[in-house]
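*Asks:* Here it is: the structure, laid out below.
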Amino acid sequence: MVQYLKKIKLRPLERDDLTFIHQLDNNASVMRYWFEEPYEAFVELTDLYDKHIHDQSERRFIIEYSSYKVGLVELVEINYIHRRAEFQIIIDPNYQGKGYAVSATKLAINYAFSILNLYKLYLVVDESNEKAIHIYLKLGFIIEGRLIHEFFSNGKYRDVIRMCVFQNNFNNKY
């Protein structure tokens, strides 16, 4: 797999990684942008792992930098007929602002388009998450639209922006 930042790599999520994922899941500032309830019990996480380990409509990767776990990338809702999937990423707050999100996103997009032969990746991002939107635009994502009051988080409904990138556009850029 192509590496865009030295020593950054994606590898499949393993059972041994669940403690790291559990720490991210229990960080309210991280989960706010995933529009999910924080404070998931570890047993719930292991049950989800067991349920989805052989699910061909999902791929989950640990982002590593020099053998340190710095985040998680997910390709979910993979549809092999329409050749599309939803992209999701979490960077551990201790590693944010160091370029890992850009590099990991490039690696994940490359995997989706070169290995899975998908045509389109899409995502939804909180409209207030300007850093993420900037990264996605930089990598060739385009804005498809705005979803009004799409998620309830921290006591209020949040608007999100739906963005996508197409295989040919990404391949032409990189």
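From the backbone N, Cα and C atoms, a Cβ is placed for every residue, glycine too.
According to Swiss-Prot, the record shows the following:
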DOMAIN    8-159  domain 'N-acetyltransferase'
BINDING   MET31, GLU36, GLU44, HIS52, ILE53, HIS54, ASP55, GLU86, PHE87, GLN88  spermine binding site
BINDING   GLU36, GLU44  spermidine binding site
BINDING   GLU36, GLU77  Mg(2+) binding site
SITE      GLU86  site 'Could be important for selectivity toward long polyamines'
ACT_SITE  TYR136  active site, proton donor
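Could you place these features in context, so I can see how deep they sit and what lies close by?
*Replies:* For the recorded site, MET31 (spermine binding site), the DSSP three-state label reads helix.
GLU44 (spermine binding site) carries a helical DSSP state (H, G or I). Note on GLU44 (spermine binding site): other Cβ atoms within 10 Å of its Cβ, all shown chains, come to 11.
Taking a C-beta cut-off of under 8 Å and a sequence gap of six or more, GLU77 (Mg(2+) binding site) has these contacts in its own chain: SER57, GLU58, ARG84, ALA85, GLU86.
According to DSSP, GLU86 (site 'Could be important for selectivity toward long polyamines') sits within a strand segment.
Close to TYR136 (active site, proton donor) in the fold, though at least 6 residues off in sequence, lie THR105, LEU123, VAL125, MET163, VAL165, each with a CB less than 8 Å from its CB. DSSP gives TYR136 (active site, proton donor) a helix state.
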*Asks:* On a count of neighbouring CB atoms within 10 A, which of the binding-site residues MET31, ILE53 is highest?
*Replies:* MET31
*Asks:* Give the number of CB atoms, excluding that of GLU86 (site 'Could be important for selectivity toward long polyamines') itself, located within 10 Å of its CB.
*Replies:* 17
